[in-house]
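What TrEMBL annotates here:
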TRANSMEM  6-27  transmembrane segment
TRANSMEM  39-56  transmembrane segment
TRANSMEM  88-106  transmembrane segment
TRANSMEM  127-148  transmembrane segment
TRANSMEM  154-176  transmembrane segment
TRANSMEM  188-207  transmembrane segment
TRANSMEM  219-241  transmembrane segment
TRANSMEM  272-291  transmembrane segment
Amino acid sequence: MMDGTWVLILLALVMLVGSYVAGSIPLNVSMSEDKLQKVTVFGAGLLVGTALAVIIPEGVRSLFSERSLPTIVTKDYTAEPPGHDDDLHSVIGISLVLGFVFMLLIDQMSARFNDASNPVEKNITATVGLVVHAAADGIALGAAATTSHADVELIVFLAIMLHKAPAAFGLVTFLLHAGLERNRIRKHLLIFSCSAPLLALLTYFGIGNESKQTLSDFNATGIAMLFSAGTFLYVATVHVLPELTHSHSHTHTLLPVQDGGQPKRGFGGLQFCEVIILTVGALMPLLLTMGHKH
């Protein structure tokens, strides 16, 4: 348990520093948008692959293993009630849908405020939208850490970092365009960078602490992973992919699009090399966990 704790703390620190450094790039140097586009395409594929091939299976396995543990411990086998598995199946669906709907509501609230005439409100809302999404990512990492499968934890971490870095980059770019002072931009960036690591640690210690019996009775690990899988799927399918296929200039639709921004390409859709990158990204989590035995 102690080793797992230190690994998570290390990953949380790397996530914090990595996000902050990525967000600091627009403040210091100009970077090619084409390279950023390819990284974002790969990140979108990795998000879909991670949600479908890693987080959902692990969440389901965690739900069933936690529920079946008492029957393994007891010597006398007692048949479980017929509706027992049905309860678990409904929990799987509810957790996934709640994660998806949660991000949908955050997105819609963000969009409403972004239409406001007050530019200060727009800037704050852009940051809040991304901070809430990053917090959901942190829950995914914290829940993955409690499964004691290092490969799952690392894949979730990689998936988060590959879309968190471009999101930090995009946030700072938008705030620069909005004309905010650099010191204020750094504060926004620091809050965004801290959100996922803090939530990862809170989730890990909340679920991982054996004294909190209520959380383990409620299958908190599995539910948290399935909830975060819903948020992953929303971000990948509703945010990142449509934006890439319509060739918007920003890397995250939680960020308001600048007025007058023209698409770089004259057609809606990914280039052939981007489709390949997306497919590789989606298959990578599956390939990395292929040798993993439950």
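Using N, Cα and C of the backbone, Cβ positions are placed for all residues, glycine too.
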### Query
Does the transmembrane segment (272-291) reach the transmembrane segment (188-207) with at least 3 CB pairs under 8 A, where each pair is 6 or more residues apart?
no
### Message
With CB pairs under 8 Å as the measure, which of the listed stretches 6-27, 39-56, 154-176, 188-207, 219-241 comes out on top against the transmembrane segment (88-106)?
### Response
219-241
### Query
By Cβ distance under 8 Å, which residues at least 6 away from the ends of the transmembrane segment (39-56) in the same chain are close to it?
96, 140, 144, 152, 155-156, 158-159, 162-163, 165-166, 225-226, 228-229, 232-233, 235-237, 240-241, 244, 251, 270, 274, 277-286, 289
### Query
Relative to the transmembrane segment (219-241), which of 6-27, 127-148, 188-207 accounts for the most Cβ pairs at distances under 8 Å?
127-148
### For the transmembrane segment (154-176), distant same-chain residues with Cβ under 8 A (at least six beyond the ends)
11, 14-15, 18-20, 22-27, 31, 36, 39-40, 42-44, 46-47, 49-50, 54-55, 123, 126-127, 130, 133-134, 137, 140-141, 144, 184-185, 188-189, 192-193, 196, 232, 235, 240, 250-252, 254-256, 258, 285, 288-289
